[in-house]
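Encoded as structure tokens, the structure appears first; notes follow it.
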Amino acid sequence: MSFLICSAVWLLTVHLWGPRSADGAPDRTHHDPKHSWDALQRQKRNWVWNQFFVLEEYTGTDPLYVGKLHSDVDKADGNVRYVLTGDGASSIFTIDEKTGDIHATKRLDREEQGYYTLRAQAVDRETNAPMEDESEFIVKVQDINDNEPKFLDGPYTAGVPEMSPLGTMVVQVTATDADDPTYGNSARVVYSIIHGHPYFSVEPKTGIIRTALPNMDREMRDQYVVTIQAKDMVGQMGGLSATTSVTVTLTDVNDNPPRFSQSYQYSVLESVPVPSVVAKLKAADADIDSNAEMDYYIIDGNAPGVFNITTDEETQEGVIFLQRPLDYETKSSFSLKIEATNRNVDPQFLTFGPFSDTAAVKVIVEDVNEPPVFSPLISRMVVSEAARVGTVIGTVSARDPDSYSIDRNTDLERFFNVDALTGVISTAKALDRELNSVHNITIFATENQDPSQVGRGIALITVMDINDNAPVFAIEYETLLCENAAPGQVIQTISAVDKDEPLSSHRFYFSLAFSAANNDNFTLRDNKDNTASVLTKRAGFRRQEQSLYLLPVLIEDSGSPALSSTNTLSVRVCDCGMNGVPQACGAVAFSLPAGLSTGALLAILGCIITLLVVLFSCNEKRKTPLFIEDERDVRENIVRYDDEGGGEEDTEAFDMVTLRNLNIIHDSKVQDVSPESVSVYPYSASATSRTSYKTLPDNIVFQEFIWDRLKLTDMDPSAPPYDSLQMYVFEGNGSVADSLSTLESPSSVSEQSYEDLSNWGPRFKKLADLVPTLIKDT
């Protein structure tokens with residue numbers, strides 16, 4: 001495509017001549033050698049350009065003229081239409097499709113976009129067929145000075161050591177200008193100092209701030225605020241500028257030695273204990289931090305080595321303290337010479353003088369009436385918890401005491417005695433390390449001539465452990481066993497605790513108790529890491545057959561002598577889902593043996609119906625008053641029993657315990673680890689359910705609670721034979737309180753009152769006497 005571009009830009013023109021086809025493209029048929037006579041041909045003429053320029057931030061009201069495009073195929077007959085595409089076409093740049101004039105319709109900002117790439121093409125106005133190849137050109141936005149410099153990191157803070165020489169670099173500040181650094185001086189910034197003379201200067205081109213005065217003293221002034229200006233256009237008139245502040249702090253150097261301002265005198269009682277503080281003094285140092293750190297020394301007057309001095313790291317004071325006890329009768333005063341020296345001396349300031357100073361300190365010892373003093377103040381003793389009463393533990397000693405005694409406020413239970421003359425401490429009662437492993441008792445030493453002079457010492461008695469506690473379960477385990485559990489499945493891992501002092505070599509040994517060693521249901525594996533695993537021996541556990549197993553576990557420690565205990569692990573059989581999560585646990589509804597015949601079942605059913613009818617009739621009579629005519633004949637029925645027992649000593653004909661506790665047979669039959677043998681451990685369904693609710697999963701806890709209450713109600717002889725509303729109050733596992741229902745502890749038969757039968761008249765007196773007896777026998 002050949003264009004003529006009219007703009008403020010250099011143009012390079014190349015004229016190529018050649019024949020043209022009907023669509024304006026070069027006619028390539030003349031390359032055939034048969035037409036060599038037409039070797040001289042007219043080539044297509046092209047205009048080649050670099051780029052257009054357009055000024056940014058144009059504020060005129062008319063569109064900004066950018067340039068003109070013109071094709072050599074345009075004969076000014078209106079057949080050519082110019083098309084502009086590319087970056088910003090139509091939205092920012094428009095082209096006159098007839099003349100090829102390009103205008104910018106919007107205000108441009110070089111800092112947002114520096115150039116635009118556009119493509120131009122000449123097409124036939126009627127057919128839209130291309131008449132020239134598409135050409136690409138660039139419109140570059142020309143910069144103006146419309147952005148001031150900016151200190152992106154300001155305001156600045158910096159530090160420079162005091163006493164620095166002239167020209168020491170402090171900090172470098174940098175300002176940035178968003179204008180084009182390649183065009184003009186819009187982005188060329190120079191720096192100057194507005195406030196901070198005569199202490200500091202700044203390099204115009206680099207922005208480096210330096211000291212302008214030597215030996216600035218921090219003790220005179222420690223901080224300066226310097227204002228720096230950055231101006232573009234190389235600082236010329238009309239340039240834009242910005243300022244920032246630089247806070248310069250003079251950092252300390254050790255240029256000041258310590259100095260004492262006076263001599264010191266202190267008084268101290270001869271009774272102060274070692275290592276009491278006698279005095280504190282401090283040398284003045286104008287420096288700070290590590291440059292003011294000092295060490296103190298006693299360089300004279302401490303021949304017996306009675307005193308010592310150290311430095312308080314927080315206050316830099318010299319602390320004089322006792323190394324030996326004072327005695328007024330031996331020496332009543334001390335004259336000490338103390339030296340203070342800087343720790344960190346800077347060699348470049350040694351000419352300022354020695355970095356140390358001395359002071360005279362006089363210590364006067366005052367006389368006191370002294371009580372007995374224990375040596376040592378704390379006596380440490382050990383005793384076995386198996387020690388007999390009267391065992392000697394140790395001896396305390398004090399200077400010049402007349403008698404010893406124990407402060408009973410520190411030995412309230414009187415475990416120990418002390419000999420008043422010798423200070424020998426012995427046991428007065430049996431000790432138990434598990435109750436108190438360390439006894440901290442205070443011993444008094446008293447002078448008889450002056451009872452107010454009492455010395456106090458401490459006896460720290462440690463009770464050594466012996467193996468006197470058997471191991472037990474670490475927690476109360478509640479084990480749930482799925483009915484579909486496989487043989488060898490681990491259903492619980494147990495551990496033990498021992499009140500005795502734990503040792504690294506202490507071990508617990510787990511095994512099944514002798515009574516359960518050969519059971520067919522479970523086995524126990526000692527993991528040899530103070531834990532044991534309970535595994536199933538068989539498969540096919542069923543709640544209908546047995547809902548609870550009580551597994552006795554023997555735990556023995558490794559002490560000398562070894563102690564052991566038998567702990568019972570409760571295993572509840574549960575109906576589990578496909579994912580092994582228990583759905584229902586505990587006993588299921590009582591079912592009749594499968595061996596009963598149909599006739600026996602009908603007979604039992606008839607007896608139950610008859611009993612329900614009788615009970616229902618009695619309850620109906622109790623609800624409504626009963627009026628009977630006096631002349632009605634009331635006859636008594638005589639019940640005759642032909643069965644005779646052998647008396648109370650006959651234990652074969654009847655089980656008297658079973659007859660007296662008929663309700664027990666309705667409870668779940670709980671056996672030991674073997675279903676064929678009756679468990680030797682007493683078990684109550686209601687009691688067990690109350691304790692097991694706390695360990696059941698949330699999705700079955702209420703189901704088990706309602707099921708247990710239903711069983712208790714069904715077995716209650718005083719319950720009505722018809723359907724009735726039962727109310728329960730149960731707060732679930734989230735409450736520390738158990739069930740508030742009165743069904744939690746059902747009343748016994750003996751608590752049922754039949755006194756209202758006596759109120760029906762003399763004809764019902766016999767019935768009132770017989771009913772309690774009949775119900776009790778049933």
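Any Cβ shown, glycine's included, is placed from N, Cα and C.
Under the heading domain 'Cadherin', TrEMBL lists 71-151, 152-260, 260-374, 375-473, 473-584. The signal peptide annotation in TrEMBL covers 1-24. What TrEMBL records for 594-616 is transmembrane segment.
Secondary structure of the domain 'Cadherin' (71-151), assigned with DSSP and counted as helix (H, G, I), strand (E, B) and coil, comes to 0 helix, 36 strand, 45 coil.
In the predicted structure, the domain 'Cadherin' (152-260) carries a mean pLDDT of 90. Under DSSP, residues within the domain 'Cadherin' (152-260) fall into helix, strand and coil as 3 helix, 45 strand, 61 coil.
Across the domain 'Cadherin' (375-473), DSSP classifies residues as 3 helix, 45 strand, 51 coil.
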